[in-house]
Amino acid sequence: MTSKAVVFAYHDIGCTGIEALLNAGYEIAAVFTHADDPRENTFYASVARLCAERGIPLHAPEDVNHPLWLERIRQLRPDFLFSFYYRRLLGAELLACAARGAYNLHGSLLPRYRGRAPANWVLVNGETQTGVTLHRMIERADAGPILAQQAVAIDPEDTALSLHGKLRKAAGALLRDSLPLLALGVLPEVEQDESQASHFGRRTPADGLLDWHRPARQLYDLVRAVTQPYPGAFCQVGEQKLIVWSAEVVAGNHGREPGSVLSCDPLRIACGEDSLVLRFGQRGERGLYLAGTQLATELGLVEGARLRGAASGPQRRTRVLILGVNGFIGNHLSERLLRDGRYEVHGMDIGSDAIERLKADPHFHFVEGDIGIHSEWLEYHVKKCDVILPLVAIATPIEYTRNPLRVFELDFEENLRIVRYCVKYGKRVVFPSTSEVYGMCQDPDFDEDRSNLVVGPINKQRWIYSVSKQLLDRVIWAYGQQGLRFTLFRPFNWMGPRLDRLDSARIGSSRAITQLILHLVEGTPIRLVDGGAQKRCFTDVDDGIEALARIIDNRDGRCDGQIVNIGNPDNEASIRQLGEELLRQFEAHPLRAQFPPFAGFREVESRSFYGDGYQDVAHRKPSIDNARRLLDWQPTIELRETIGKTLDFFLHEALREREAQA
């Protein structure tokens with residue numbers, strides 16, 4: 001009997017998977033893929049074209065986990081689901097649609113290199129072997145039982161592109177041998193060894209920055225991991241960007257400082273250990289592909305000159321002052337900037353539990369203090385630093401009604417003082433506005449430059465946060481007309497690890513997801529304010545921080561005088577839906593047995609929860625056209641993945657609390 005499959009595929013390995021299924025006698029009822037991104041270098045084969053040529057029904061929905069698509073897939077009655085380099089997570093309900101199971105082909109030898117871009121990461125890390133793995137899909141990404149693996153040797157001269165070709169061939173061979181056995185039901189499964197698991201996140205173009213203090217072999221590995229068709233490794237020559245496409249390691253560095261030009265023919269650069277010959281590269285994003293010797297001539301390099309990369313070169317790092325550095329945005333942003341290698345971070349906050357992991361970094365400088373008290377330190381560091389981020393704010397709804405004057409004093413008055421220091425010393429300010437400034441705007445998508453900012457009556461004190469932020473936005477804009485360099489960014493419901501503390505949720509002073517998780521942890525009913533019908537667009541903190549880092553980088557000054565929404569309009573969900581997805585992942589979590597039974601959902605009125613001064617809004621959805629245009633940024637992380645990371649963080653925090661109390 002023919003096995004029926006629904007396939008989720010992209011990339012040329014997606015094509016390899018589809019061809020293998022057809023050759024093994026599977027019936028493909030439908031293929032789901034992605035529309036090509038015009039900003040991406042699509043060097044790979046087209047799943048869409050293959051399906052058109054083979055007469056296979058093809059779909060490319062934004063959300064394959066949407067109930068409408070779930071129902072359509074159920075109606076196909078598939079025996080199997082297969083994912084071949086599909087870029088979105090398949091939810092539990094979708095996985096359950098397959099009568100005989102759902103299977104994924106992953107580009108590493110699991111459990112090592114779970115996550116994104118494994119072919120790039122193995123090269124960056126200098127591995128000599130990788131491979132492909134066929135495994136059963138469970139709700140946790142890349143964590144299901146293994147059915148088959150095929151190893152691939154990594155040669156010293158392999159690039160990401162050549163390695164991808166090897167992986168494609170290995171995938172074809174593995175599927176050729178495995179798919180017939182899977183159809184017969186005789187392919188055994190082996191659980192993954194969690195003690196050997198490693199996980200790697202997505203890579204960004206900024207990760208290609210060359211740090212000349214590192215050994216030449218590590219830089220060579222970075223170059224080949226991100227060379228064409230990827231964005232490339234790079235460094236700075238004065239104000240010009242030098243992209244390196246090909247390099248080779250040469251023994252010795254003549255005892256010269258890292259980043260020093262040892263010769264121009266060939267173009268040879270001293271590293272922390274040995275040296276690197278830059279064989280081919282280009283000047284800037286639109287330059288010609290040139291040999292290293294010609295690049296040296298065109299860039300005006302001479303022996304003894306210094307190239308600037310991470311932690312090297314004569315030009316100092318950009319100094320970023322983050323006030324509220326221990327907060328959710330502050331600690332994630334600090335980590336991102338320090339990883340970049342071009343920044344020195346100075347921070348103040350009243351605590352440091354979330355930044356303990358950063359304190360050992362020599363480019364991270366922290367002082368415990370209060371911006372309302374330590375005014376001399378504050379003014380000195382505004383004068384000293386290049387970019388100022390005043391992130392200190394009271395930003396939880398219950399405090400808007402419980403302590404409206406404190407919200408005004410901190411969120412407006414204290415931050416106004418910082419803005420005036422920036423004016424006084426001519427410093428650039430990147431100010432955190434808020435999605436709350438849009439208030440009860442009726443536009444379907446909130447636009448930074450056109451949407452009206454609408455709030456409720458004076459007796460609804462919940463709007464004091466919104467109007468405090470809006471007033472500061474207007475003051476900053478007015479100072480901008482007098483020469484202040486600024487960017488306003490508006491986060492839309494960012495979520496992720498270290499969002500809040502469970503103790504904050506216990507007194508009601510936390511974000512919605514933390515409140516919901518606390519109820520699960522303590523076995524109390526999940527309270528849905530006014531039924532939880534309010535919709536928000538939730539944004540993964542990694543996506544949000546990447547956009548914010550690009551604002552700080554401010555390439556070509558394009559963010560000066562701009563307002564930028566940072567949110568994920570594709571991740572719209574009601575609070576009830578958020579709670580339901582949390583519950584599903586909670587019940588499937590490995591730590592589930594450590595917590596009490598689920599106590600159900602309970603609907604409560606907003607007045608009883610927040611007090612008389614509260615007023616809610618039905619939806620809050622951003623337009624992100626400005627972010628796309630100014631930052632070349634697009635959020636990519638799905639809500640299910642963000643919920644999973646956030647839940648996992650708080651469950652482990654709850655166990656740590658329990659151990660500390662024992």
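Just so it is clear, glycine is given a Cβ too, placed from its N, Cα and C backbone atoms.
Keep in mind the model is a prediction, meaning the values are calculated, not measured.
Taken straight from Swiss-Prot:
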{"type": "ACT_SITE", "residues": "His106", "note": "active site, proton donor"}
{"type": "ACT_SITE", "residues": "Glu436", "note": "active site, proton acceptor"}
{"type": "ACT_SITE", "residues": "Arg620", "note": "active site, proton donor"}
{"type": "BINDING", "residues": "Arg116, Ile138, Glu139, Arg140, Ala141, Asp142", "note": "(6R)-10-formyltetrahydrofolate binding site"}
{"type": "BINDING", "residues": "Ala395, Tyr400, 434-435, Arg462, Asn493, 527-536, Tyr614", "note": "UDP-alpha-D-glucuronate binding site"}
{"type": "REGION", "residues": "316-662", "note": "region 'Dehydrogenase ArnADH'"}
{"type": "SITE", "residues": "Asn104", "note": "site 'Transition state stabilizer'"}
{"type": "SITE", "residues": "Asp142", "note": "site 'Raises pKa of active site His'"}
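A count of other CB atoms within 10 A of each Cβ picks out His106 as the most crowded of the recorded positions His106, Arg536, Arg620. For the (6R)-10-formyltetrahydrofolate site, whose annotated binding residues are Arg116, Ile138, Glu139, Arg140, Ala141, Asp142, the maximal Cα to Cα separation is 17 Å. Taking the C-alpha atom of Arg527 (UDP-alpha-D-glucuronate binding site) as reference, the shortest distance to any of the recorded positions His106, Arg116, Ile138, Glu139, Arg620 belongs to Arg620. Counting every protein chain shown, the number of other Cβ atoms lying within 10 Å of the Cβ of Glu139 ((6R)-10-formyltetrahydrofolate binding site) is 18. A straight line from the CA of Arg536 (UDP-alpha-D-glucuronate binding site) to the CA of Asn104 (site 'Transition state stabilizer') spans 31 Å. Put plainly, the binding-site residues Ile138, Ala141, Ala395, Ala533 were compared by Cβ crowding within 10 Å, and the winner is Ala395. For the recorded site, Arg620 (active site, proton donor), the DSSP three-state label reads coil. Each of the recorded positions Asp142, Glu436, Asp530 was scored by how many other Cβ atoms lie within 10 Å of its Cβ, and the smallest score goes to Asp530. A straight line from the CA of Glu436 (active site, proton acceptor) to the CA of Arg620 (active site, proton donor) spans 9 Å. Distance between Cα atoms for Arg620 (active site, proton donor) and Asp530 (UDP-alpha-D-glucuronate binding site): 16 Å, as a whole number.
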